[in-house]
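Q: The structure's right below; bear with me while I get my questions together.
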Amino acid sequence: MPPILEGRDCMGCAKTGSGKTAAFVLPVVQKLSEDPYGIFCLVLTPTRELAYQIAEQFRVLGKPLGLKDCIIVGGMDMVSQALELSKQPHVVVATPGRLADHIRSSDTFSMSRIQFLIMDEADRLLEQGCTDFTKDLETILGILPAKRQTLLFSATLTDTLHDLKNIAMNKPFFWESKSETRTVEELDQRYILTPEKVKDAYLVHLIQKFTDEHDDWSIIVFTNTCKDCQILTMMMREFNFPTISLHSRMKQKQRFANLAMFKASVYKLLIATDVASRGLDIPTVQVVINHNTPGLPKIYIHRVGRTARAGRNGVSITLVTQYDIHLVQSIEAQIQTKLKEYPVVEKEVLKILTQVNVTRRQCEIKLESTDFDEKKEIYKRKELILEGKDPDLEAKRKAELEKIRSHKKKFKLKIQESIDKQKRGQLKKKLMKRKQMKKAGKTTA
Ligand SMILES: Nc1ncnc2c1ncn2[C@@H]1O[C@H](COP(=O)(O)OP(=O)(O)OP(=O)(O)O)[C@@H](O)[C@H]1O
């Protein structure tokens, strides 16, 4: 906080749940109290839920000042957001895509005087993953004043430090919590080695065990895809666990409603994709289960960081198949901690295996009869349009590529067949010759 108050750019890297939000909200509120005007501060964050959480912190800590905030995220009404922006709130908390849309489409607000640009989960904002924020960030940075303070925060800053230094130019003060491990000591990190087909049975068994052993429990299960998230949610409901889901193919209002109900413990089990893996602060979460082993150590760090926050204890259990062992090794190398095996009575799991797998199949069939995949197509089309591409042309191109690929495959198969035929013919000839020679030998003898 002191370097921020001195006016320096700052990069803060501290473990999950250690209070990074307050570390930037408090100095901003302090500075705002000295010279209050709007728009004073812009906070960028990768997910919509996180934007609401950060705005809430500004609202609580800035209450004595009468701090006014405005949340600009996708999936919500753009007109009312534009109206809010035109009222010059002190703090704007936004996801990059929607804010860039506002900048491109309206001139009813100005960010030319902002004093603070804060990027929370900065490494995610700057990495070029499945959601690439680069273009939107360029649009946003283009309208911000050069003279400003830039603050970057994350639990995993070090991996992208080089890119980040380009954003925070003004000799940034770099703060990293001194510790050998990259996860908190209060977190008990476990794994279960399981064949892919038994994973779901382990999951049901684990959740049943927590339900039986604890009156007050709250669990997040992370999955790899939206479809898997949906199927697991349906399955867990079949087993009567109070379950709710959170993934990017849900309507935004539903996403907020589900998260609120999970936070209020109306539902005790949240099945989520990585849209919930960063930043969300839900103190009641005691257990995080990774239904799939995360492909990157930093995804693991953020996922398991949803429990054991602010000094509380927590458990994480990662389901590992024989194909994921190298992933666990790279996670262990990064976090400087060995995961311990979680003890399970295998017999108990095998007892429910058939029932669990039949239930999964039933849920898969149920989901196939809905428009879940259709929605995916609509979403893909929307994405292509936003990228400035024609979805029909892209589909045609894809179909043509597929046609060429299948031709190639057929051609390869044909060649292989004729080679095999030739080989078989040669072999037949050889055998015939040998037979004839044998016969001839016998006759001579
Ligand atoms: N000084 C403090 N004493 C006690 N609790 C605190 C303190 N500062 C913050 N907290 C609480 O700790 C919790 C975690 O804080 P926060 O969400 O800011 O963590 P974070 O470091 O941003 O984690 P992540 O990397 O997961 O986003 C919050 O509930 C917050 O209110």
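Glycine too: its Cβ is placed from the backbone N, Cα and C atoms.
Grabbed the feature section from TrEMBL, which reads as follows:
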DOMAIN    1-175  domain 'Helicase ATP-binding'
DOMAIN    186-350  domain 'Helicase C-terminal'
REGION    422-445  region 'Disordered'
COMPBIAS  424-445  compositional bias 'Basic residues'
Q: Below 8 angstroms Cβ to Cβ, which residues of this chain, lying six or more residues outside the compositional bias 'Basic residues' (424-445), approach it?
A: none
Q: Can you tell me the mean pLDDT for the domain 'Helicase C-terminal' (186-350)?
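A: Here the mean pLDDT over the domain 'Helicase C-terminal' (186-350) amounts to 96.
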Q: Just to be sure I understand, if DSSP states are collapsed into helix, strand and coil, how many residues of the compositional bias 'Basic residues' (424-445) fall in each?
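A: Going through the compositional bias 'Basic residues' (424-445) residue by residue, I get 21 helix, 0 strand, 1 coil.
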